[in-house]
Amino acid sequence: MRDEVDLSLTIPSKLLGKRDREQKNCEEEKNKNKKAKKQQKDPILLHTSAATHKFLPPPLTMPYSEIGDDLRSLDFDHADVSSDLHLTSSSSVSSFSSSSSSLFSAAGTDDPSPKMEKDPRKIARRYQVELCKKATEENVIVYLGTGCGKTHIAVMLIYELGHLVLSPKKSVCIFLAPTVALVEQQAKVIADSVNFKVAIHCGGKRIVKSHSEWEREIAANEVLVMTPQILLHNLQHCFIKMECISLLIFDECHHAQQQSNHPYAEIMKVFYKSESLQRPRIFGMTASPVVGKGSFQSENLSKSINSLENLLNAKVYSVESNVQLDGFVSSPLVKVYYYRSALSDASQSTIRYENMLEDIKQRCLASLKLLIDTHQTQTLLSMKRLLKRSHDNLIYTLLNLGLWGAIQAAKIQLNSDHNVQDEPVGKNPKSKICDTYLSMAAEALSSGVAKDENASDLLSLAALKEPLFSRKLVQLIKILSVFRLEPHMKCIIFVNRIVTARTLSCILNNLELLRSWKSDFLVGLSSGLKSMSRRSMETILKRFQSKELNLLVATKVGEEGLDIQTCCLVIRYDLPETVTSFIQSRGRARMPQSEYAFLVDSGNEKEMDLIENFKVNEDRMNLEITYRSSEETCPRLDEELYKVHETGACISGGSSISLLYKYCSRLPHDEFFQPKPEFQFKPVDEFGGTICRITLPANAPISEIESSLLPSTEAAKKDACLKAVHELHNLGVLNDFLLPDSKDEIEDELSDDEFDFDNIKGEGCSRGDLYEMRVPVLFKQKWDPSTSCVNLHSYYIMFVPHPADRIYKKFGFFMKSPLPVEAETMDIDLHLAHQRSVSVKIFPSGVTEFDNDEIRLAELFQEIALKVLFERGELIPDFVPLELQDSSRTSKSTFYLLLPLCLHDGESVISVDWVTIRNCLSSPIFKTPSVLVEDIFPPSGSHLKLANGCWNIDDVKNSLVFTTYSKQFYFVADICHGRNGFSPVKESSTKSHVESIYKLYGVELKHPAQPLLRVKPLCHVRNLLHNRMQTNLEPQELDEYFIEIPPELSHLKIKGLSKDIGSSLSLLPSIMHRMENLLVAIELKHVLSASIPEIAEVSGHRVLEALTTEKCHERLSLERLEVLGDAFLKFAVSRHLFLHHDSLDEGELTRRRSNVVNNSNLCRLAIKKNLQVYIRDQALDPTQFFAFGHPCRVTCDEVASKEVHSLNRDLGILESNTGEIRCSKGHHWLYKKTIADVVEALVGAFLVDSGFKGAVKFLKWIGVNVDFESLQVQDACIASRRYLPLTTRNNLETLENQLDYKFLHKGLLVQAFIHPSYNRHGGGCYQRLEFLGDAVLDYLMTSYFFTVFPKLKPGQLTDLRSLSVNNEALANVAVSFSLKRFLFCESIYLHEVIEDYTNFLASSPLASGQSEGPRCPKVLGDLVESCLGALFLDCGFNLNHVWTMMLSFLDPVKNLSNLQISPIKELIELCQSYKWDREISATKKDGAFTVELKVTKNGCCLTVSATGRNKREGTKKAAQLMITNLKAHENITTSHPLEDVLKNGIRNEAKLIGYNEDPIDVVDLVGLDVENLNILETFGGNSERSSSYVIRRGLPQAPSKTEDRLPQKAIIKAGGPSSKTAKSLLHETCVANCWKPPHFECCEEEGPGHLKSFVYKVILEVEDAPNMTLECYGEARATKKGAAEHAAQAAIWCLKHSGFLC
């Protein structure tokens, strides 16, 4: 038989490929086609006049170029084209027309807009124009071959219907393509062809999540190109509505089959309503409208086409004759290459190898059974499936490629991610059974190769024989060797299996004979190969297009959608499975004179018949499209839908499967547990149907869902999944859009009411917003100076310096209203230089009366005193008018007076020092120059000559002077009568003052004989609230700094203003700053106390601490309270969520908690309560201190605020030292984190002073609901009884003895040890208890360290807590208590990891904190937290019990000596201390991170690298390695400040902060006596039932407060009376025995409406008894509830008398 044969097959020209411009012979063929065009008149489309039709170009020669599917058109002479045009279509489908789009136009106008530079009509072909015209009139399916320009028709249609999507329209055009590569390709074509905004949405691109984002996306774009799954998802969940789509284009629309679950079909069946007035225009494109093996049969062909038309509500149109396409596309030559069947001896050899592989597989299965516990059935089945898949792949490659191919396939799979989809994540050799099989198989198969033959010999031409190479593979090699010499040759080989593609590509690349072929493989993204990502696929295609590769071995992913061009040879190594596959793969050969080849076994008649059938079926399909033989369609299967009417979200049975998988994937998981639903199908022969039972993961809120009895397994599966979605939505796990709640959404339910945050004017929670700072109300109360008498409350400010090296003038504080008690006794320490300080105390001194003159003098004195402090430049002129500024009395001013005092009667009576005040105000600077003393000269003994006149010595002494030569102010302390200008300058024995001044300033003294003035410089005011003390130093006396100056160079400014007054004045701004902040804190306390009586005990100073940030640089800040409040907030919210949401998993609980406690939400709630105005976030800046007499000069209003407080403003004279300007409204910048921190700090403050009750009330006041009811705690304990059947598998008594606690509710203890991989008990696991226990432990540890180390900084407090409760620390506790022995788990790998880590700790107990050794399994730490959660519930939320327990087995202080500081942090501190530079970089490869760390010291660079599972682990290892190397090469010591504090710092007794709640009584719970529940032995047999049911797990919801429980008849049992209903008791009995829940059914209903009676029956399967099903009937009752209750009583009676219930 010949090796090849040419088939005389006439291939329709409409399915032929593209021509290459670069080849010269294309030009010759092009000219032939142009001549043929001119010699004949082709019928193309519907009859119309070319001269008058709007869409045809004018009668001129118009050039056509490439467009659409990257095709090449020919120049076209319009005058020679006939007007007899015909369109092939079916008349069986009714026409769809629309008047709004009956005409072609650019953006809806006859003439294109000047902006529409791109007009796709200019390069359109005749048939494209006519098909586009039809598409504007009705829904159309264009049937044209690959390369015929279908995309260009779609582009023209978008252009013509542009008026529907251009602004201000709110609709959009959506272009659907089935693959990501095709989406990107088609989006580029559209963007290049029309001036519309095009957006891409597909896998790997930016994900639009929210409804608002999709609204913006639609508004911003006219065309959206996406995969159909994305559109289906958006329609299902109401992100996009069908009414918003004006044009819907389906590329490769043949996927829309009536009986398929393809997204195309789902979109049309569920969401497209043909009767709707707002429905999109439909346009479909396909090269084969019929798909499927059976669809091409004569009886099904018409039915398939009609069904496609019905589903898309469109007609199929094509060209009638292929002649018109001949000028645009080329037909490949179809050839068949035969190979002979294997010889008998080779066949025997192959059989021998098959048996060898089968024997290896059986041995691996036997070893697998020994490794896996009998209870771990799912793991066993999973590994069996993986093993079978690997075995089938080797057998397949052995038969199709030969022995060498099988060897390569084994090695390829062994060394790659062959089983990445389903294999357990663990890399433990014992669990890698597939690797064991592949290794043994490769070794066994390699034994068949001669030992003296090396790889190069095997790949030589002589070795191309059986059994090493199959005859099929040899034939392929021959074909490629023939074509290898052809220029510009490119080839695609199509195979049906991924393993064939990878192995064949490997073999071809290693054949010396085919070295001119450069090969790679191309498989789908869903293949499960990590190496085949979207990026790698794009890289392969680009390399193929750039001729770097010229051979692709592809699966069916290369048949359609991918932009694979210029291909000359297409080989079907494996025959196509369908006609569609035949047509699509043939369309890849687009080059002229290309070849489409089949490899066929000459002894296999089926293969020859299959090829012949492809052509026959294709011709039959073309004929059927033209002449429809029947109007019959496929039966439409209307799926059941679940719709949420509130939102419009809708899901079908088919889509519910993927939604259920998506929900399960969102459940908490790790490398040991991948949650997914498991399906079991039970055929019911007598009814001829199937029931599907879904078992959900153990951490899902429902355990099992069972479908109704349905005819097929697929229908049953859809029904069960849809019921699961319904139930999950009812439980609130899926929101009203049928989606799991996003972590980005704000959890509104935990706030008491709604709050429109966006309506706050200019004050949001964004980063860095402007807020007004509150001024105390007491400071705003004015006095009226016009009255004859003003009474002010007075307070004595006492200064006590330490040491007593200064004298401070006594001052008083005067204001209109009295201070609160806490403020009256305020005392603070002001820190000076050199460890010195001043203690300040406030004492109330009654009421002081001021007459009219006195109040004016007091006001003037304060103004002058504040000028001296802050605006001394205004005192430089010779004359300063003495009058109070009007701005001092504005509403924004503060009204208090600071005046010097005199003490009388032993300091018990105070009075204002009016002598000093009047003396100061009589100073020369405040008098006109004419009054100055100038006539006394020369100076006498009682007078001194100053620069501004002669003055009495008494006036000069204790005054403020100004020197013109040095521009400085000085306090005159004394007159140096023994020293004058001729005296030597101190510290200089030769130079006199005369010489010194002349040399420095060029000034000659005229009166050098005058005595010198001993003066003290006037210093600048500082923030004295800042902590300047060093704990290891003692305060030291500091001599005051004095200098001597000549009087004649000094200007007398203010008399009587002594240095003692100056010293006191320098303290007052710090004192008043603290007083103002304290008064604000007291005001907030009163506001809160009015609403929350429970916090009345909190002190104002505690509130002030909570309001003061670290930025204020004071000795108090909110940070420690914030750490405490943060821990309590987490605890309180966790407790609330745990009890109120029994159906939510741990991951969703965590997300909801995060939404409550995150900064954005806390900021939002704080602003709602106006808390931001109380926050103190600015340090005292003397340049920004404003008081009465020194008002703020920056007037702020809505217009000026942005300019005044612009963050980008230029620095000016109003700029403060802190970079912020203080305005008249007290605006300052706050960040949302600052506001959130204040909320948490307030929680901590109320916690310390008022306990849990006060903190909880505050949280409720601010809008965080953390309430719960005692009944919810009791219900949680009762619900744990469902785990009691598992108590027989664990020795609970031993566990309780180890924990030193006896549980009242044993089910809680059992639940705390159930890993989510264990799902043989009806569901439930420890994760919810872990969530609760984590929050409890976090608060307890915070309370512990907060009280034990009172001087610990907040950052150190957080670090210490993290180190004490991190995973390794808790895992060590779990190991020490042997908690792993009680773990319920079905993961082999997890058991092995725990065992390895336990053995490691046993051999090296101090190495657990190091990076060496096995990694610490998180499960061990989770067990500790879940135990604490169970204990917390079992003792009724008695935190004292948990505190005692925590101290007993955690003992946080015990291991402080072995505290392991993070090597990352240690390295950072080390580099900072030695000023070394460090650099870090990370790369990811094969799922692992390699971290390179560089440290540069003294010009030398030290580099280390380490690898970890994630970047953090790699960085930790690299840091540890770097520290080791540094210590080895350098003489360095590492210091740990945290360690130093712990060893040397103050340590107090540990206390539980704030717990003052009453424990919940869970001891005397009324309910089911669990001892009377028999756990029966397992019997064989299964009762069958067709009705559906749902098993719920979790806590029962607490009854509404407004509803009273109806009295029910008590069920008397041996254990005592029970107040539960019989129905509830029956449910609990089923749960406790792991039975299915009872099924209640109304079987009889009689009587008129007002006298109706009901009879119920209950069906109960006793699964542990052989085929036992109870069916109990109750008596007639007036209500359904009563009837069901009576039926339940009957069932209880039956169970008791049957011995199942004692």
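Keep in mind that glycine also has a Cβ here, set from the backbone N, Cα and C atoms.
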Which of GLU1330, GLU1492, GLU1513 belongs with ASP1422, GLU1425 in the Mg(2+) site listed by Swiss-Prot: GLU1330
Matching range for Swiss-Prot feature annotation, motif 'DECH box', among 251-254, 423-426, 1547-1550: 251-254
Other residues, Cβ within 8 Å of GLU1330, ASP1422, GLU1425 Cβ centroid (Mg(2+) site): TYR1326, GLN1327, LEU1329, PHE1331, GLY1333, ASP1334, GLY1421, LEU1423, VAL1424, SER1426, GLY1429
GLU1425 (Mg(2+) binding site) and LYS1418 (site 'Important for activity'), Cα-Cα, nearest whole angstrom: 11
For the domain 'PAZ' (932-1054), residues assigned helix / strand / coil by DSSP: 16 helix, 37 strand, 70 coil
Counts of helix, strand and coil residues, the domain 'DRBM 1' (1462-1528), according to DSSP: 30 helix, 28 strand, 9 coil
Reduced DSSP assignment, LYS1418 (site 'Important for activity'): helix
Residues that sit under 8 angstroms from GLU1330 (Mg(2+) binding site) by C-beta distance, when 6+ apart in the chain: GLU1146, ASP1422, GLU1425, SER1426, GLY1429
